[in-house]
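Student: Before I ask anything, let me first share the structure, which is written out below as structure tokens.
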Amino acid sequence: MRYLTAGESHGKQLTTIIEGVPSHLPLVADQINESLIRRQGGHGRGRRMQIEKDLVEITSGVRHGYTLGSPISLVVHNDDFKHWRDIMGDAPLADDAEVRRTISRPRPGHADLNGGLKYGHRDMRNVLERSSARETAARVGAGAVAKVLLRELGIEVAGYVREIAGIVSEVDETLSLKERAAISEASPVRTFDEQAAGKMMEAIDQAKKEGDSIGGVAEVYVEGMPPGLGSYVHYDRKLDGRIAGSVMSINAFKGVEFGLGFEAARRNGSEVHDEILWSEERGYYRRTNRLGGFEGGMTTGMPIVVKGVMKPIPTLYKPLQSVDIETKEPFQASIERSDSCAVPAASVVMEHIVAFEIAKAITEEFPSDYFPRLKRAVDDYRKEARSF
Ligand SMILES: Cc1cc2nc3c(=O)[nH]c(=O)nc-3n(C[C@H](O)[C@H](O)[C@H](O)COP(=O)(O)O)c2cc1C
Ligand SMILES: C=C(O[C@@H]1CC(C(=O)O)=C[C@@H](OP(=O)(O)O)[C@H]1O)C(=O)O
């Protein structure tokens, strides 16, 4: 499976094309809409989210509620486009046109300056329109399709918030995925500990009041993984590596950890590795899951636990210094609207991005043209793994 997205933040629409989804997988737009709506929420989002109501149109690859095995294309319209029609239209402009307002002032922390230089865009709107995290709506669309496939195979994926601005929300490690998903879904900051959630919201409000922004840590938990997915034989087949790369590709993500992650550096081996047990009922399993479900680039069959670090939102009401590329004069970057914290939304994005990588690995490792055949192969393999 692979996918591409197209679309500018304030352009007409976002488009996603997904290739390699097996045929005969039941799929309806509402399953994707549920994910899109979840991505829009969370305390700390800016005014743009009040304008958009993300709903998908499936424009190919699905017929009568089932996938065809042909490319699936998804479209999400930008409701804000009606306010940007003149600025974002595709028709050539007259040299003296009113709307030829160019952006010559790069915002620190954004793609503006590097992207402008790279593509020769002296109007940096041509960069920011595509580098915007609006694109994550298109990626969540692809991940939502992956989640449908995984669910049919007994694999569930949940994303939630573990930390905002240094406030950590502890998670009871015995909670099942269903419990994690239900509790975080009910929280305005998508987390567990109500007390921590209250403090997180205060921190977000405070940052907003001060014209500042804050970041945090999202976690994704995957249950029902067959063991041995991924491979140790080549660097680019290690599934933890692939997941880490795709998490790092989310806008504003600056680090990834599996299980104990960086804490492993501070512990002895006996406090890091997960002892192997076997029972008739479970097959092989681990006493602990400190390595977050991976050994040798392959799944152990224990839940995957992966964290991603999101930096604070770069556009600030409090001005940051930058340089106008036309005059080379310094200026103080200021803005009209922005999110002050998007970690809750980003946890939903991360959930879908991890889901896509897992679905992709499964469709590479098992026959994947026809969904019932894929399911039979995965079920057989699970049986084999139990008694190996
Ligand atoms: C869900 C989500 C929402 C975001 N919202 C904003 C925003 O409102 N304002 C902003 O400046 N950056 C926002 N960002 C982050 C920027 O898109 C990102 O920092 C920028 O494109 C530069 O990329 P980099 O941080 O990965 O280097 C958001 C990111 C995500 C994942
Ligand atoms: C539109 C979304 O997020 C946007 C991501 C974003 C950025 O710079 O990344 C900037 C903001 O957009 P605008 O400049 O239009 O207010 C966010 O609202 C979205 O998540 O759907």
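Just so you know, the numbers here start at 1 and follow the chain as drawn.
Each Cβ is built from the backbone N, Cα and C atoms, and glycine gets one as well.
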Student: Say TrEMBL lists Arg130, Ser131, Ser132, Asn251, Ala252, Gly296, Lys311, Pro312, Ile313, Pro314, Thr315 as binding FMN: which of Arg101, Arg105, Arg337 is in the same site, per that record?
Tutor: Arg337
Student: For ligand 1, list the binding-site residues among Arg130, Ala252, Ile313, Thr315 whose CB atom is within a distance below 6 Å of it, in sequence order.
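Tutor: Cβ under 6 Å from ligand 1: Ala252, Ile313, Thr315.
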Student: Please list, in sequence order, the residues in the chain of Ser132 (FMN binding site) that are at least six apart in sequence and whose C-beta is under 8 Å away from its C-beta.
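Tutor: Counting only residues 6 or more apart in sequence, the Cβ neighbours of Ser132 (FMN binding site) under 8 Å are Glu8, Ser9, Asn251.
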Student: Taking ligand 2 as the reference, state which of the binding-site residues Arg39, Arg45, Arg130, Ala252, Lys311, Ile313 have a Cβ closer than 6 Å to one of its atoms.
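Tutor: Close enough to ligand 2 is none of the binding-site residues.
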Student: Just jot down the residues in the same chain as Arg130 (FMN binding site), at least 6 apart in sequence, with C-beta under 8 A of its C-beta; none if empty.
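Tutor: Residues satisfying the criterion: Gly7, Glu8, Ser9.
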Student: Counting all other Cβ atoms within 10 Å across every protein chain shown, which of the binding-site residues Arg39, Arg45 scores highest?
Tutor: Arg39
Student: Between C-alpha atoms, which of these binding-site residues comes nearest to Arg45 (NADP(+) binding site): Ala252, Lys311, Ile313, Thr315?
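Tutor: Minimum Cα distance from Arg45 (NADP(+) binding site) across Ala252, Lys311, Ile313, Thr315 lands on Ile313.
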